[in-house]
Structures are given as structure tokens and as C-alpha cells.
Amino acid sequence: MSLRKRNTVISTSSSAAAAQVKAENVSIPGLRPSPLDGRPTTSTGTASLDTLLAGHSGLPMGTSLLIEEHGTTDFAGILLRYYAAEGLVQGHQVHVLGMHESWKTELPGIAAESRSSAKSETSASDKMKIAWRYESLASVGTPRDAPQRPASASAGSPSVFCHSFDLTKRLSPAHVKGQITFNPSMSMPSPGRQPKDSVSPLKAFLRDIAAKVASSPVTTIHRVAIPNLLSPTMYSSSLCRPDEVLQFLHGLRALLRQNAAKLTVVMTLPLSLYPRSTGLTRWMELLCDGALELIPLQLDAVHAPPPDSKSDSKSEEKTQGLLKVHSLPVHHEKGGGSDGHTGEDMAFSLSRSKGLIIKPFVLPPMLEDEEKEKNPASTTKTTSSSLTNQQSQGLLQTAAMASETVALPIRISKVTDRYLVFDIDDIMYLRRHHNICSPFVGTMPQAPSQSVFMGLPVELMVEEAMVLVGKKAAYVVDDSVFHPSRIPSLDPTSRAAYLQAIKTDGTRAATAARELREYKQSQALSKGKGKNKKDRKAKRDSSAAENSSLPNRDTSSVAGEPTLFDAPDRNAPKAKPQSSAVEPYAITPVTSGALLTPPPEEDTLALIDVPRGYALYAHLHNKGYFMMPGLRFGCDYNVYPGDPLRYHSHFQATHYGWREQIKLLDLVTGGRLGTNVKKAYLIGGEIPAGQSQAGEAPSREDLAVNRKSKVIPPVRAFSIEWAAM
């Protein structure tokens, strides 16, 4: 017979410990259990990204996420700022690698809650309670981008899993509960230490994280943010080697597995520098638990998604890019999680108050066919617009054909030591075939201004004129001698033909302007014809009722006096129709075909003053670069990899003599300025031939010989870029 008292628990130590651990897990701010396997998860600061992460409704603790991005946009950086801001608001420890402390001032602030959200929370608290693993999840009808709040929290409770941030605001110190630390990504050389003895910044970062995580309490959550991993502006070339990077990711993965309940990592990678076709990027994706790819779209390729039925606005945010899911944080050893979004086409858009919104990519519906079926009158508008498009395409084709039928070589007019091109067809040809993108120096008659030059002619640099003459694509004439001798030499027939051509162009332009004006008037009348039909009818009815209610109103008119309501007289003279003749516009011709003269047989290089930096310009031009004057950035030339209308300049080039002494301050100034404006500072000069004196510019005779023989002077160039500021 047992002497133990009945209905008592034998040992309560294990159950009490388990209950205590569970209470601690629940009480940690910013954590909640996953609905799939119950492990703790934290928010990335973006509600739509939390929903995307393998069904966990958040980033599982002990996992890492790699966000890759194409181009020069910074959508991945915005996700990283949301991730860091969410950690600071929740009281977590945030560790940033490679950024300066000023990065903290770029974190978004908490958005102000609207009254509608407060009402919805109050009504949600009155609803029926459900199981603990589902109460923190959004309902079926909740949009993907809506911030998720636990149902167990009261209206005044600060327990919020994912906060709403506003990009136009900055994070207030009053909302910051955690701490943020910044670690350098480049080792600073010390006077008493050799470069070989210095510790790698990546290894030092791992040691620092391991020490802080080990010394922190169990309830302290750590977040690691690594922006622009392996970017040349933040990491030295020695750290970008595969052995260094992969060892760093291996060590980071080991820390995540050892501290699975206290640590998460989010990092970004520029795919423009490290494309996915390389083995290094694929290994980095394998060493991370999740990998996402952001593909920003250009402005002309942006599609508007169909409007949401529950949204107040008529049109949602336009799609700004596509998102590809390569892998998600899933327990490969135990299963759990799902990768259902891997093969789905996803899109994202950036909103001021909602942040980055990730939704399935849907093409907009074809509404034009439905409008045609409902309103047959709209076919007239479509036909007229299609005719307008055909006319514009025909004009473009005509311009392209005109640029292809340019009379070569092209005439360059020298006016007071300035080299000008007046013919628009010649300018188009030079830009398309010879990479010449000189600025306009003339004003427009429609918008005259003293400081804005958007009209013909264009002014060539001296280097451009020399290159074109050397290629026999152009010739130079002295304008002060050419025009006085050419214009009087025209016979009366040629002069009359030239004037008639100008008049024909003016008549054609006036006719086109009148047709366009009539088309716009007809469209305006068709739009406003039935717009206020009901209002006009109601107004007539009210006026008729008012007239009938007035007593003893004499509506008869005096004999012989016309009234407003009399029928029009049939014998009245009709208005004369306006004449269909169109007065021609006075057009300034943009071509000078009638003034063309055969190019001179003698060499026109004698008319060109040899510039100091001609050798460097000819060298870069031969490589296929576009160049413009670089006075704005304190250099000789701005160098573009393609047309400046499409590309950003890559270099700011300055010419130096072969043995010319370069001041160190000039190198520092040029390198720092180039780095600030996202360019490299390029210096170069001509290699002296034979025993010629270095540092002196080549003579005009030598350059003329080289141009005739199509020999480009040998040049050596270097580019300088500041590694850090």
C-alpha cells in the first residue's frame, strides 16, 4: 500500500521548465511560432515578404536570406532598411557590415495608424478566438501587403509582429528600443602592422558577432544586415576572392545553426557585377537558406495590375519589377515549409506607406475590344488615332531615310574658331555612325532664351572635327569666305527652286497644323456632347415650369419686332464659307542642300588648330566611346559607353603629357570627384615616338600625316577610383 498522497504530481521540474521556456518564447517581442512546425519566426519588416517565406509567415530564426538585384536601382536596399528598422523597433540587436553610421539616418519611420485600422482592430478583438497557431495569421480575404497583428494583443498593447513604415519619414529615436552597430568592411592600415598581419574584416566580423551573441541573454535577438555584398566601393579586391567569400558564408551559416533561436541574416548582392551564370554566385545561393532575385522594369515596360475589389483607389501601384524565387528557408533535414512560389511569376511595386508590395504578376486586361463592342462610335477615334500613328511612323521612316542619304563628306563651317554643323540630316548621320553627340548652341524661335540652347547649329569640339576630317567623313570650310562666294553664284533658276522648296515646306506644315487642330476640336465636341445631357434637360423642364407659373405674362411681341423665339428667316443672307486656302508658315530651313558645294581637293587639316588632348580623344573614339566636353566635372572629356541619351558616363578623362608632372592634389581631387558622381577618373597621354621630346604636343604636320595614313597616335591611359570615402 502506497503512502503517497493521491492526486499529486510526482515531479514538476521538467514541466515547469518547459512552461517557463514557452513563456519566454511568447514574451520575446518580434517573435511568434511558425504555423507549419512551431519554430520561432521574426518579421522582415515587409508584410508581403513575410507571407512569401515558405508559409512560415516570417523569417525563421537561424536562417539567412540572399536578395539579388539587377541594374542600378536599390529595391533590395529598401528591403534591408525595413529589416533593420523592424529590429530596432522590436528591441533587437542589429549588426551592419560595410556601412557608415549615417546609414542609420536613412531608416524609414513608423507610419501613423489611420482610424479605419483602429476600428478593424477593435472589431477583430470581439470575434471568436481560434487555435493559437492560427490566431496570429491573416484571414483569407486579407491582402498580402497588409501588416499582420496578433489577435491576442489588445488595442493598447505594443506587441506588433510587423510594423508599418513610411518611406517619407525617418525613424524617430523615441521608437528605437534596440541597438545598432556598424562594422567596417575594409581593414585600415596601421603604422606598426604589416599588411600580412592584419586580420580580414570578414573574419573579424564573424568573431565579433559570435562574441556578442554568446554574451547576450537568451531573450536577446540579433539581426545581421549585409548591404551590397562584394561591391567594389565597399570591399577590397582581396575580399572578393571566392575562397574569402565562401569561407565567410560557411562561418555565417555555422553561427546560424549554433544560435538557431537568436540570430537571422539578410544580405543583398548586385547581380550586375556578379551574375548568376558565375559559379561564385551559385555557391553563395547554396550557402544561404533563401535566395530571391529582383528584376526592375524600365518605364516603358511597366504594367498596371488589375484593380483590387477591396481597394479604395481606382488604380493600384504600377508594377516596378519582377521577383523570382530560387529557394526559401525550408528545413531540408526534417521537411517543413513549402516552395510553392518557386515557379510562380511574382511582381513588386514600391508604395510610400505600404513599402514593397509583392503580388502575383498579372497582365492588364484588354479593355479596348470591350469598349468597341459597347460603343461602336469609339471605332472612329481608334481609326483616327491609328492614322496618326501611321503618319508619325512615316515621318520617322522619312527621317531615317534622309539620314541615310546624306551627301558625303559633310561640310563643317568654321566661324570665328568655332566648328559648326547646320544641317539636321548631317547631325543625325554623325551621331548614328561616328559617335558625335555635340551640344546645340542655337535658340529656338518658339522659345527664345538667353541661357537655354536647344536649336541648330551644333558646335563640334576641335578634336571631333579633326577625327571626322581624318576619316574623310567631313571637310572644313571658312564660313567668312564660303557664303559670300557661294550665294551670289546661284543662277535665277536655282534661287527660285530654293525659295519654292521653302514655301512648299511651310504650306505642308500649316496644313498639318490645321488638320491637327480640327481633329482636337472634333474630339472635344464628341466627348462633351452627351456628358451633361440630363442636366440640360432638367434645366429646361424647370425653366418651363417657372414660366407657366407666372400670371398674365404677355409672350406676344410687338409687330415687326423680332424675338428670340422667332423662326430664322429663310431669305436672310448666308454666311460665306471660309476659304480653304492655307497661309504657309515661315519656316527656317534645317538643310542647306541648295548651297552644297563639292568638297575641296586640298587637305583641310591646315584650317584646324591642333588641340592638346587630341591623341587621347582619338584613342577613346577609336574604342567606340561617345564623348562630350567635361568642363562641368573639371576634366577634358566626359566618356560614355554608348549614346548619352541611354547611358551614364563611365569616365572623366584628362590629358597629360608623357613626362608631365602630375600634382598629387589633382589626382586626389579627380579621384574623389569621380567616385562621388559614380565615374572613374581617367588620365592618359600620347606615347612619344622615337627620340621626340616628351611632354610636348605633336606638331600639326605629324598629325596631318597620321590622319592621312589613318594611324591613330599610340596612347596609354589609367583609371583611378576611390575605394572608400
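Even glycines carry a Cβ here, placed using N, Cα and C.
Values in this document were obtained by computation on a predicted structure and should not be read as measured data.
As recorded in TrEMBL:
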COMPBIAS  309-319  compositional bias 'Basic and acidic residues'
COMPBIAS  330-344  compositional bias 'Basic and acidic residues'
COMPBIAS  378-392  compositional bias 'Low complexity'
COMPBIAS  528-537  compositional bias 'Basic residues'
COMPBIAS  545-558  compositional bias 'Polar residues'
DOMAIN    410-479  domain 'TSEN34 N-terminal'
DOMAIN    613-683  domain 'tRNA intron endonuclease catalytic'
REGION    26-47  region 'Disordered'
REGION    303-345  region 'Disordered'
REGION    367-392  region 'Disordered'
REGION    517-584  region 'Disordered'
DSSP-derived helix, strand and coil totals, residue by residue, for the domain 'tRNA intron endonuclease catalytic' (613-683): 25 helix, 17 strand, 29 coil
The domain 'TSEN34 N-terminal' (410-479), counted residue by residue under DSSP: helix, strand, coil: 20 helix, 25 strand, 25 coil
PLDDT averaged over every residue in the domain 'TSEN34 N-terminal' (410-479): 84
